[in-house]
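Peer 1: I'd like to ask some things about the structure below.
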Amino acid sequence: MASSMRSLFSDHNRYVESFRRFLNSSTEHQCMQEFMDKKLPGIIARIGDRKSEIKILSIGGGAGEIDLQILSKVQIQHPGIHINNEVVEPSAEQIAKYKELVAKTSNLENIKFAWHKETSSEYQNRIMEKKEFQKWDFIHMIQMLYYVKDIPATLKFFHSLLATNAKMLIILVSGISGWNKLWKKYGSRLPQDDLCQYVTSSDLTQMLDKLGIKYECYDLLSTMDISDCFIDGSENGELLCDFLTETCNFNTTAPPDLKAEIMKDLQESEFSVKKEGKVLFNNSLSFIVVEA
């Protein structure tokens, strides 16, 4: 590996911008919206049975866009019931955005919000030290297990916090996605970073099976338009390449042979489809619903 290659996570501003470009270029949020509209109501149908309050724990809640969609579905499914929504999020910047979103969103009168600026591991350690094992009716982890060092221990811990009839929703990239193939083929040749690990739904379901935890898994197709990655000098393309490879300034720092291999592969059918002149990377997501 060329010594000049470094992880995208080493440059916070560039990571944030490349992630923004990814969201703009992909159907990630639309895919999640489809799941929230079609599947989530049935999943959360019983979490409020015979309860005066529904307790929801968001792990890695980010800026809150998806969280508020979930809360809206819970309100519709369980009208009039008070909701206690606690958020675990390590980024102060994301928490500030989440609070801004809550401030300008209507119909949240029956929801109480609390934010904890910490990682899931820090939250886990704090709860275990204080022995405050509160039970939750719904726990969700959306696109955050990549940033956890010991995933089986994390799954076991949060599963232990589920109340009767409770559910835990985990969203992450599917084992059938282009990400899985990209990570398996090139992961060892790209910058390794302690902050992030390559994990897909295939890995996760194996872990849940080993732990003896019941779950259901739904795969939904999502795509990411990476056409700009093949246009020389495209800023958008360069940022998307950074996001795909988790490498800061991939186009200018990657060894020419590695860059050529990856750029060729990204256009192959196992990674992407070509449609109406565009190259659409397989960004399919898995929605894993864990039973109490």
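Just so you know, glycine gets a Cβ as well, placed from its N, Cα and C.
This is the feature table in TrEMBL:
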{"type": "BINDING", "residues": "Glu28, Asn283", "note": "substrate binding site"}
{"type": "BINDING", "residues": "Gly60, Glu89, Gln94, Ser120, Ile142", "note": "S-adenosyl-L-methionine binding site"}
Peer 1: Non-local Cβ contacts of Glu89 (S-adenosyl-L-methionine binding site) (under 8 Å, 6 or more apart, same chain)?
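Peer 2: Result: Ser58, Gly60, Gly61, Gly62, Ile95, Tyr98, Trp115, His116, Lys117.
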Peer 1: Using the structure shown, find which entry in Gln94, Asn283 (the binding-site residues) has the sparsest Cβ neighbourhood within 10 Å.
Peer 2: Gln94
Peer 1: If I take the alpha carbons of Gln94 (S-adenosyl-L-methionine binding site) and Glu28 (substrate binding site), what is the distance between them in whole Å?
Peer 2: 18
Peer 1: Take the C-alpha atoms of Ser120 (S-adenosyl-L-methionine binding site) and Asn283 (substrate binding site) and report the distance between them in angstrom, rounded.
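Peer 2: Roughly 25 Å, rounded to the nearest whole number.
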Peer 1: Starting from the Cβ centroid of Gly60, Glu89, Gln94, Ser120, Ile142, which together make up the recorded S-adenosyl-L-methionine site, report each further residue of the same chain whose Cβ lies within 8 Å of that point, ordered by sequence.
Peer 2: Ser58, Ile59, Gly61, Gly62, Val87, Val88, Pro90, Ser91, Met141, Met144
Peer 1: Return the residues near Glu28 (substrate binding site), defined as same-chain residues 6+ apart in sequence whose C-beta is under 8 angstroms from its C-beta, sorted by sequence, else 'none'.
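Peer 2: Listed in sequence order, they are Phe22, Ser222, Met224, Asn283, Leu285.
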Peer 1: With S-adenosyl-L-methionine as the bound species and Gly60, Glu89, Gln94, Ser120, Ile142 as its recorded binding residues, calculate the greatest Cα-Cα distance and give it in Å as a whole number.
Peer 2: 15
